[in-house]
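First the structure, in the form of structure tokens, and then the observations on it.
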Amino acid sequence: MALYLKAAEILEKVEQKRGAVKTLVYDSKFPNIKQLFALVCETQKYSSVLQEIINSTKLLKETKLRIHLAKVLVYDLLIGHGVKCGGAWKTTMLKHRARLQAALARIKIKRKVSRNQDLLPSSIQQTQNDVIPRYVRVNTLKTSLEDVIDYLKREGFSYQGTPGRLEDLDRLSGKMFLCDLHLKDLLVFSGKTDFHDHFLYKAGHIILQGKASCLPAFLLNPPVGSHVIDACAAPGNKTSHLAAIMKNKGKLFAFDLDAKRLSTMSTLLLRAGVTCHKLANQDFLKVDPQNSEYKEVKYILLDPSCSGSGMVCLRDELPETQEDGRLQALAAFQLHCLYHALQFPQLERIVYSTCSIHSQENEEVVTACLQRNPGFRLVHLLPDWPERGHEPLTQCLRASTAKTRTHGFFVAMLERRPAQSDKETPPCQHTIVIC
């Protein structure tokens with residue numbers, strides 16, 4: 001029974017973008033981590049099919065189960081290895097088994113397939129063989145890249161240096177690891193390498209953070225001692241990255257509306273040794289840009305809620321009309337956040353990022369914002385990056401499993417245009433200014 005309760009809790013958080021599956025599973029301290037992880041991942045893959053079965057059988061109405069608990073139970077009953085608990089839940093599921101099996105059979109007939117895996121959304125089927133490397137960011141607030149490499153070598157890991165090309169990452173196996181091609185404090189391991197129980201992770205010396213997620217702070221590159229806002233901060237990896245770049249000097253204001261996420265973030269930042277931050281359980285859209293507390297804020301990182309469509313493990317397919325409506329609502333919210341961020345009077349640079357693959361949340365949001373804010377311009381990011389924003393916004397970056405060996409991602413940087421009478425200040429070291 002505990003397995004299904006915990007799996008339902010984690011599944012709900014994952015679908016609400018409140019954390020990554022593996023991190024939530026390991027932080028749960030559940031006795032059988034592998035069993036829990038497998039159940040959550042597999043249920044998530046079949047989420048849309050399970051939803052259809054549950055809706056067609058009116059299971060929630062007849063059993064009073066919550067949707068995420070119903071999904072994990074139905075998954076194990078129909079697709080997994082059978083319901084593993086006893087008591088009332090098992091009795092309930094067995095009572096409805098024939099109806100649930102019939103609903104699954106009807107879906108297979110309707111879609112003209114015979115295997116359960118053929119019911120998976122095409123986006124998931126296409127990425128079944130996608131293996132993203134394990135990226136590990138060295139937390140320079142507590143250690144150095146050289147010390148981490150030496151420590152790992154003493155543990156039997158084999159350091160391979162810096163790759164000559166992206167394809168070299170595909171050959172990583174066992175205990176081999178590399179330095180990243182673009183980010184100096186990022187190490188790359190085989191996708192099967194697990195550090196959740198490793199001393200360096202538990203001590204906060206390394207951060208388990210995807211490469212794409214490291215790009216926003218790396219590109220914003222706030223100077224040591226500056227005042228910075230992380231507008232939608234939880235779960236906190238980008239915040240800790242900003243603090244490391246700032247060397248814990250200056251002020252780092254971090255906002256998030258979710259109190260539970262903020263509490264988890266506080267623990268993460270403590271473990272990472274971050275001290276320059278000020279957390280606020282507050283909606284960024286309600287923060288007053290004219291407040292004297294933010295009069296020196298020159299840099300903002302904005303990574304607002306998005307569809308999460310770039311996350312390989314979260315890809316799903318919704319009916320087209322439902323998906324369009326959801327994307328329109330998200331894009332409107334993202335644009336509102338971007339407009340609000342540009343109101344801070346001393347703002348010089350802002351990085352806008354999403355883990356979405358949809359233009360509606362990416363290039364279209366940036367284009368609409370620039371049309372209404374001619375005082376800002378795009379900055380050309382990482383000229384040698386292999387995947388660019390869609391035309392005409394090629395100054396922006398995109399990321400994908402195929403082209404960058406990461407989750408899907410989008411990053412844009414906007415910079416305030418200098419006043420006519422001012423001398424132009426040099427751009428961020430990672431960029432080229434596009435007027």
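Cβ atoms here come from the backbone N, Cα and C positions, even for glycine.
What you see is a predicted model, and the numbers here were worked out from it, not measured in a lab.
Per TrEMBL, the features are:
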DOMAIN    124-417  domain 'SAM-dependent MTase RsmB/NOP-type'
BINDING   CYS232, ALA233, ALA234, PRO235, GLY236, ASN237, LYS238, ASP256, ASP283, ASP303  S-adenosyl-L-methionine binding site
ACT_SITE  CYS355  active site, nucleophile
Note to self: Validating a neighbour-count step here. Other CB atoms within 10 A of the CB of LYS238 (S-adenosyl-L-methionine binding site): how many?
What the structure shows: 25
Item checked: Nonlocal residues around ALA234 (S-adenosyl-L-methionine binding site), in sequence order (Cβ under 8 Å, 6 or more apart) -> ARG18, ASP256, ASP258, ARG261, LEU262, THR264, MET265
Notebook entry, point to check: For the domain 'SAM-dependent MTase RsmB/NOP-type' (124-417), what's the model's average pLDDT?
Noted result: 92
Notebook entry, point to check: Near the Cβ of GLY236 (S-adenosyl-L-methionine binding site), how many other Cβ atoms are there if near means within 10 Å?
Noted result: 26
Next item on the list: Sort out the sequence-distant neighbours of the residue listed as 'active site, nucleophile' for me: same chain, 6+ apart, CB within less than 8 Å of its CB, listed by position.
Entry: ALA212, SER213, CYS306, GLY308, SER309, GLY310, MET311, HIS407, GLY408, PHE409
Margin query: So the record assigns CYS232, ALA233, ALA234, PRO235, GLY236, ASN237, LYS238, ASP256, ASP283, ASP303 to S-adenosyl-L-methionine. If I measure every Cα pair among those residues, what is the longest distance in angstrom, as a whole number?
Written below: 19
Margin query: Just to be sure I understand the packing, how many Cβ atoms besides its own are within 10 Å of the Cβ of ASP283 (S-adenosyl-L-methionine binding site)?
Written below: 12
